[in-house]
Amino acid sequence: MFLWPLLLVLAPISVQSDWLSIDMPYYAYEGNQVVVRCSGRDNNKIKRLTFYKDGAWLPAYYNTYIISNARPSDSGSYYCKAKRKVFLFIDDTEQTRSAWLTVRELFPAPQLTTRPLQPTEGASVTLSCGTQLPADRSETQLRYSFYRAGYTLRSDWDSPEFWISEIWKEDSGYYWCEARTVSHSVSKQSQQSYIQVQRIPVSGVLLETQPQRDQVVKGETLVLVCSVAKGTGKTRFSWHREGTRESLGQKSQRSQRAELEMPVIWESHAGRYYCTADNGYGLIQSEAVNVTVRIPVSRPVLTFSVPGAQALTGDVVELRCEDKRASPPILYRFYHENVPLGHTSAPFGGGASFNLAVTARHSGTYACEANNGLGAQRSNVAVLHVAEFPPKVRLMNGPHHCEGRVEVEKEGRWGTVCDDGWDMKDVAVVCRELGCGAAKHAPAGMLYLPVAEEDQPVFIQVALCNGTEETLAECEQVETFDCGHDEDAGTVCEAFKPSSF
């Protein structure tokens, strides 16, 4: 009879009482640490303490259960039980009231947005990783990462925006972002967004030259510039010359403009050129540009129309200045003793002339200058000799006007001179009168074939020159009495070379 009540006393019972209490927050944010503590009025009497969530047992250390990184799934009803010693072998089980814990979301999963929504190649794009912290956690620092097709674009960035300076068609794909706390306790990814980069086909292909003209100077550098008015992405540029099949050069680059340099231009490079551009939507060709190669003037050549640069007073002498290879138009200037005489032009190239009615004062040095806009060049100096009076003597049938059979003029007729007493003094006077060089020989006139006609007179039998006279007419003379053409006198003077530079 007494055993049954005793067993009832010894049997463990679970009673919710104020003897055992639970201490924990009512809410927390995900990522926070949550500490759940249970304690009794006399903890020394607690033999065992267990924690429960929604009725399920939780592993705990002594009187504390710690949630190190709270998640929304940790929300629920928490309580604990304690087995305490009542008397001797009598134990009692105490249970706390239930405490509800709510784990709040620290921030929602971010949303990735792009500006602009449909970017074109070459444009900049801004990726925004948007999320929001609660007002009472606004000081929480977040870090952002951006990804494309498994590749990290930017990691642990302190800004929710990421700027891509240039985007290309091959950059099309799936993009997403991730926001997380500095401690990495909370990390959330956005949904993937597909970005389609638009490519603009090329149009308005234009070929230009540098320098910016259709003429280039021989020996200079020519740059062919191929550009497009519209077009994005990697464009393949190619340069061509009409009439040839092969390409002068090719370049593939992300640009609306490309250059091809031709380091040294020659005359053979003249022609019509064009370029093409293609970014995958079809090849577009420019209009052709005609390139003319201009040749600068070189040192021109100055010549006189009179033989041996010997003229007489009253003669009209043609001064001819010429550069055969320079590109037209060419302006020629003529100088006498470095004083300008005048100018004339050659609109179609070649040489130009300047006519001059000479007097004795026109003897001296002459030069000419050529200029076609690419720089002037001056000729070498040439010397013109102008005799004040026509000579009354000439040398016939020689290799030049300073050698031959001697003839003199009287009353409009020309006759020969007999070689009686003909010596180097006489030769020196003839050479001086003709403006030739020094006297060299006094040969027989018959050496210079053909001989004089039989009806041609012999005007001088003997010339008695002392060698200082200016003309043969100044020498004392003996008229003919018995001299035939087989005794005609000859003269050899040092000749001036034609003044041609």
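Just so you know, glycine gets a Cβ as well, placed from its N, Cα and C.
Per TrEMBL, the features are as follows:
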type     : residues      : note
SIGNAL   : 1-17          : signal peptide
DOMAIN   : 5-102         : domain 'Ig-like'
DOMAIN   : 110-187       : domain 'Ig-like'
DOMAIN   : 201-292       : domain 'Ig-like'
DOMAIN   : 300-384       : domain 'Ig-like'
DOMAIN   : 393-494       : domain 'SRCR'
DISULFID : Cys465-Cys475 : disulfide bond
Most Cβ pairs under 8 Å with the domain 'Ig-like' (300-384), selected from 5-102, 110-187, 201-292, 393-494: 393-494
Top Cβ-contact partner of the domain 'Ig-like' (201-292) among 5-102, 110-187, 393-494 (pairs under 8 Å): 110-187
Number of Cβ atoms other than its own within 10 Å, given for Cys475 (disulfide bond): 19
